[in-house]
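Straight from TrEMBL, the features:
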type	residues	note
BINDING	His149, His257, Glu495, Tyr535	Zn(2+) binding site
DOMAIN	59-564	domain 'Neutral/alkaline non-lysosomal ceramidase N-terminal'
DOMAIN	567-732	domain 'Neutral/alkaline non-lysosomal ceramidase C-terminal'
Amino acid sequence: MGTILNPLNIHVYRPAPLRAPHKHRCTVYFLTELLLLCDWSDSVICGSFSTPPPQHTPYLIGVGRADCTGPPADVPMMGYANPQQTAAGIHTRLYSRAFIVDDGKRRVVFVTADIGMVSQRLRLEVLQALQVKYGDLYQQDNVVLSGTHTHCGPGGYFQYTLFMITSGYMKAAIEPLVNGIVKSIDIAHNNMKPGRIYRNRGELDDSSLNRSPHSYLNNPEEERRRYKWNTDKQVLVLKFTDQDGDGIGMISWFAVHAVSMNYTNRMVSSDNMGYASYLLEQDKNPGGLPGQGSFVAGFSSSNLGDVTPNTRGPYCVNTGLPCDYLNSSCPIGGTKMCQAFGPGEDMFESTRIIGHNVYLKAKELYANAVEEVTGFIHHAHQWVNMTDVTVQINETHTVRITCKPALGHSFAAGTIDGGGDLNFTQGAVEGDPFWDGIRDALLGQPSNQTKECHHPKPILLSTGEMNWPLPWHPQIVDVQMITIGSVAVVAVPGEMTTMSGRRLREAVKEELESEGTLKDMEVVIAGLSNVYTHYITTYEEYQVQRYEGASTIYGPHTLSAYLQKYRGLARAIAQDRVSELPAGPQPPFFTENLFNFVPLALFDRKPENMSFGDVLEEVYPVYRQGDVVTVTFVAGNPRNSGDIRDKTFVTVEIFDNRTETWEVVHNDASWETRFHWLKGSNWQSNATVEWQIPPTALAGSYRIKHFGHYKELKGLQPVITPYEGSSDVFTVTASFYYE
């Protein structure tokens, strides 16, 4: 028996087609009205039709992709909160990928961007820009912005003090993100056409590991028995096609941290999820450079809170011995020495392996996706004061279950993907008099009420009680959900752990299906969406107070509060009463006291008797496939190049003997290139370009070019001037030896 899904999500069963003899069968089903559905075997005509008529009106679908790469020099990267990790080049570019679906009555937008997370400030600026362009068409209710969670993108796009301390607020950093996200939505908006959506799901093993298994084991045994793994292995794919069945895009969700590139990396990188997008888009847009072509492949984050891609697990890097299981530390060196690695021999290979695994599974699911998504579109959104969520305990009394934000001691310990520099360890349920004394002297002591509310978390930073020069953490957060037929996307403003995500998906599915109008709902979590609020553990995991629990900022009942709020959204959708939901208190948009600690990009200097773009270290004359070509140029500070979207610092070019022209085969968005910027003394800097020659590279004559800008003082005015440089021509050949 096969299943037809119609716009009302009513299941209609049909017999499997007969192979012989060639006869058609028409079956009449009575639903709310008479529907005539025809079943064909092979190519026999039923009535006056030569092909089966569509069972429902197609959606209007648009997809778009745009460069959102920010300054690749000096700016702190967002993710590891490591002050030494400032940008110094480009590994891969960052892209925003937008998907718009319209059912004729409602429209939703889903964006997945190659950034650490979507901040509240970024979302508000994007929504303001959309309001100017489109009026009320795209608003907070129907636009979901999600981050892939790469830890190697520029920071500088936050408005709360804690995040500004580590990465600041910089117009030069947030504008490329806002403009890139809006441009991807523009492209999707302008490309909308009738199409269809198909869903498929499968499991991907050997690409994720639970980094806090001790916390996971604190969940009820009965609950844990329901699941085979302590991480979610499922991959969900939505396949978008036009009316002719030709693919136009795909979204995939898989729960794993984008931390294959570790905190020693200083090149802007989209990490493993970005590489998966790169591979699928190269597949579907053959012959184009990265970022080109109409097919858009988005790989989105999910409930990845306790999930690492470093599948070889943690060990003490200074001794080679296992880390302490309970607190992930080493006898010598503490948490900093306890690091997880793998599956590759270095971070680049690990990124390639994990990204390739995710790409292969998504490609397989995409190719075999036949279950059509049909039905109406819904969207529901509320702003919630997460410091004041209450539950009804009886007819007359409510009790507040959430707290003012606070971070515990284990927050400072970091994780096996990047430990802290100080002597904090995971699993701390008692404070440290030394650090508590420093905190009290500098920032003030947490109130007794906050201490009691967060118990058993020993509070390191009582951020909800710290408001200078601006609040340290958000209080007003977005809760949001969109449904496209039988698929529900739950936009979560943080990092849910594996079990938290399972509970949320189950609760939302139950509510959506409670009225009987929505059936067979596939619920997926889109993490790092709309506003960043750190982690969301279960109550039981919170008690252990590893990094994730210490970073659950609204207290032990944070998950319960979110479950209540998302249940409310799901119930409103199921009952078609979304319009009755209160909007909630609007978040602030700060215009004063925003700050950053990034110094200005000053003037560039060059060695005597040389020019910007001159080669300092030249290429060899001959290389083979698999070799690495390296060339170093006199360079300016990349920040002086301003908005670098849709541009490149690097090209690898091959000479076409037929046309006697140079053709670009790679740029700085390509996986095969690496652009390193080295800031030297006396305002002088170099740029080193590497090209990892792929096995597929054609034999021929090549050159590598570098583009940039330098700033100099002319009179009393700063002047920025473009420059370019080129390596010598070199040959790529299959062998150094000729017969």
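In case you wondered, yes, glycine gets a Cβ from its N, Cα and C as well.
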| request: Taking the recorded Zn(2+) site as His149, His257, Glu495, Tyr535, identify the other residues of that chain whose CB atom sits within 8 Å of the mean position of the site's CB atoms, giving them in sequence order. | output: Ser301, Leu304, Gly305, Val307, Gly494, Gly527, Leu528
| note | Excluding its own, the Cβ atoms lying within 10 Å of the Cβ of Glu495 (Zn(2+) binding site) add up to 29
| request: Find the average pLDDT over the domain 'Neutral/alkaline non-lysosomal ceramidase N-terminal' (59-564) in the predicted model and report it. | output: 97
| If you count Cβ atoms within 10 Å of the Cβ of His257 (Zn(2+) binding site), leaving out that atom itself, what do you get? | 27
